[in-house]
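The structure appears below as structure tokens.
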Amino acid sequence: MTKRRPLVAGNWKMNGSRTESAALLDGIKKGMSSASKAEVAVCPPYILIPLAAEKLVGSAVAWGGQNLSAHESGAYTGEISGPMLRDYGCTYVIVGHSERRTLYGENDAMVAEKYGAAQAVGLIPILCVGETLQEREVNRTEAVVARQLDVVLGKHGIGSFRNAVVAYEPVWAIGTGKTATPRQAQDVHRFIRSRLAARDKTVAESTRILYGGSMKGGNAGELLTQPDIDGGLIGGASLQAEEFLTICRAAD
Ligand code: 13P
């Protein structure tokens, strides 16, 4: 039987004023049961991370970044490094989100560098993979996900997945209200785990693979009961405490 602890992580993207975010953090903290089996984390915009740290310290909710620089420090205007995120108590950092890949030109090699930079300072990378609609329509889903995984595996090895989380986020399901069916998601999750298992079965069995893409309170249950879906990476629905908490409870 699986011993993977479910993880529900909120990716706030570029949303929230200081006041709204304080209320959201308070709401999540208040609604979290201390007996929660699932691990819960939020990833606010950089500038709100100190607020998250202040509000969540000592609670059951962890926090993380949405991105990081591949460099530790230096002349990189506008960037935030892994050591800075650690300094503010981050546990996680999202790497390779499809919005970073498509809007900011992050390729597989850059994503692999960021993954390594995160682990070098003890952050747990949440490595995002996923195909576009066009790639799915021409049956390239597995090829795309395999390529995205293999670049990281090639550079950092299977052992690095002991301290990493994978998130399968089909690009066509992100922010569209179009969720992958439980079957579609499970098929890709199983494929991802088998890709890891080909290198090391034990690591593959312990690696958490999250689903992301229009997950909400209403559809979380059926997705989260799939055998290879170990939690969710939540965008829009993580901006409302009650909706996010409903997903967290479904993961329990
Ligand atoms: P939505 O839940 O808004 O579709 O976003 C998913 C996502 O991109 C999480 O990283």
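Each residue's number is its place along the chain shown, starting with 1.
Backbone N, Cα and C define each Cβ position, glycine as well.
Curation plays no part in TrEMBL annotations; they are all automatic predictions.
Among the candidates Ser33, Ser34, Ser36, Ser214, the one that TrEMBL lists alongside Asn11, Trp12, Lys13, Gly175, Gly235, Gly236 as binding substrate is Ser214. Comparing CA positions across the binding-site residues Asn11, Trp12, Lys13, the one lying closest to Glu169 (active site, proton acceptor) turns out to be Asn11. Taking Cβ-Cβ distances under 8 Å and a sequence gap of 6 or more within the same chain, the neighbours of Trp12 (substrate binding site) are Ser21, Val42, Cys43, Pro44, Pro45, Leu48, Gln66, Ser238, Leu239. Of the chain residues outside the substrate site list Asn11, Trp12, Lys13, Gly175, Ser214, Gly235, Gly236, Ile174, Ile234, Ala237, Ser238, Leu239 have their Cβ within 8 Å of the site's Cβ mean position.
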